[in-house]
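Engineer: What TrEMBL lists as domain 'RNase H type-1' is 80-214. Sequence annotations record features per position, and here TrEMBL assigns Mg(2+) 1 binding site to ASP89, ASP210. The Mg(2+) 2 binding site annotation in TrEMBL covers GLU127, ASP150.
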Amino acid sequence: MSNKKQKYYVVWFGNPAGIYDKWSKCQKAIKGIAGAQYMSFLSLKEAKIAFNKNYKDYKGKGTSKKKKMLTAAEKAAYGDPNMYSISVDAASSGNPGIMEYRGVDTQTKKQLFHQGPFKRGTNNIGEFLALVHGLAFLKKHNSDRILYTDSRIAMGWVKKKTCNSKVTWTPENKELLELVKRAESWLKTNSYQTNIVKWETKAWGEIPADFGRK
C-alpha cells in the first residue's frame, strides 16, 4: 500500500484555474500556459485558503507545511488585542471572484458596515476597501479607536494611497472599479489620525471581522 501523502494543487492562472486533487489534472490545466501559476498543498483547507489569495503570497515558499503553534511565552509577547477598536476583513470566492467586505466592533463583533457582493473582485481589493471604509467611518464618528486588519498588503496600499491590484477591469466589475477610485480619492483628499494595526492571527486567532469561510 502506498504511503504517499495526498496533495492538492492550486492553479491561480491556468485553463481553467481551480483546485485539483491529482497532479495529472493540474498538468492539463497548466499545459501550454505561459506564466502558469500553481502550487501544491498538503490539505484541501489550505488549498482553498490559498486559492482565495494571490499567487505572489505563496511564490517561492514551496509546499505548505503545518504552522508551528506559538508557545505560551510567544503568545504573551504579543500581548492582548485592544478591544477599543474596530476590525475589518474581506472574503472572495475565487481570484478574481465574488467579493465582499465588512467592519465590526472588535469586542462585540457587531457589524458596523458591509459592502458587496461584487463581481470579479479579489481578497486584496476587499481588504483595501475595508480599511478605507473603516478610516472614513471612524473619522465621520470622530472616534479615536484603532483599526485592525490582518492584511499587510492592504496596509501598504493605504499608505501609498493606491490600490495596486493587477485585476482586469471589465464591464462586469465596473461598480467595483468606481468604488476603488472613490477610495483612492478619499485617501488623497482626507487626513486621519487613526492608528492602523496589524491583527496578529497566529497569537489571537482569526480577526473578529472574519467571514468564517476558511
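Backbone N, Cα and C atoms are what each Cβ position is placed from, and that goes for glycine too.
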Engineer: Could you give me the DSSP helix, strand and coil counts for the domain 'RNase H type-1' (80-214)?
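Structural biologist: Per-class counts: 50 helix, 37 strand, 48 coil.
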Engineer: Cα of ASP210 (Mg(2+) 1 binding site) to Cα of GLU127 (Mg(2+) 2 binding site): how many Å, rounded?
Structural biologist: 11
Engineer: Using Cβ atoms only, which residues of the same chain lie under 8 Å from GLU127 (Mg(2+) 2 binding site) while being at least 6 residues apart in sequence?
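Structural biologist: Sequence-distant Cβ neighbours: VAL88, ASP89, ALA90, TYR101, THR149, SER151, ILE153, ALA154.
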Engineer: Pick out which of the binding-site residues ASP89, ASP150, ASP210 has the most other Cβ atoms within 10 Å of its own Cβ.
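Structural biologist: Neighbour-count leader: ASP89.
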Engineer: Across the whole of the domain 'RNase H type-1' (80-214), what does the mean pLDDT come to? Round it, please.
Structural biologist: 93
